[in-house]
């Protein structure tokens, strides 16, 4: 598990631009910014590298450091934790609906690694192999139209074994304090009263849900 000291160091590298491109740094300057000695800063970098959170290229007068996908995931998880603490103070949209059975296709698509990897980066979790299908109550369908103004993320499609898999739009949400994501396959015309949700665990089992049970989806706009 990443330590608070390692996470602070990782965040500093990200703020320097290490999420997108390699950044040049010296342990003495990094330590000064973090309140560490150069020796401690060097240990933090070695620890981050050993955990797979950064990659480094050492030089004679410093080093090039890049944050890996694993490091980005660690930062996203930290963001999700703070979002759960403070983000709910923002304007939220509550959508009420009832659980219903789907076609069982969600388990297959969530098991595809290119999709799963992107959901991990966007939502901060690897999706459970399956989705929760929800039919909105009559009063919630008007509320759903407001989702068009939300900041949807796009999970890129891909090709595999001669088959093309399309883009998927994704919107972070919560169901009973569990971070989830509303998904809309790009090639599918969903009825407005239907919502499909991915989550880090099986919500039916977690909350003992059965068809017809009412649930609330919370989306921060």
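Using N, Cα and C of the backbone, Cβ positions are placed for all residues, glycine too.
The CDP binding site annotation in Swiss-Prot covers 102, 103, 104, 105, 106, 107, 201, 202, 203, 204 and rests on similarity to another entry. In sequence order, 128, 178 constitute the residues six or more apart from residue 201 (CDP binding site) in its chain with CB-CB distances below 8 Å.
Marked as Mg(2+) binding site by Swiss-Prot on the basis of similarity to another entry: 131, 133. Around the Cβ of residue 131 (Mg(2+) binding site), the number of neighbouring Cβ atoms within 10 Å comes to 24.
If you draw a 10 Å sphere around the CB of residue 196 (FMN binding site), it holds 19 other CB atoms from the protein chains shown. According to Swiss-Prot, the feature FMN binding site maps to 188, 196.
If you look up Swiss-Prot, you'll see 1-92 marked as region 'H-T-H motif-like'.
The feature region 'Riboflavin kinase' is assigned by Swiss-Prot to 93-221.
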Determine, using Cα-Cα distances only, which of these binding-site residues is closest to residue 102 (CDP binding site): 131, 133, 196. 133
Distance between residue 203 (CDP binding site) and residue 196 (FMN binding site) at the Cα atoms, whole Å? 12
Between the C-alpha atoms of residue 131 (Mg(2+) binding site) and residue 106 (CDP binding site), the distance in angstrom, to the nearest integer, is 5
Checked against DSSP, the composition of the region 'H-T-H motif-like' (1-92) is 57 helix, 14 strand, 21 coil
Integer Cα-Cα distance in angstrom, residue 196 (FMN binding site) to residue 133 (Mg(2+) binding site): 5
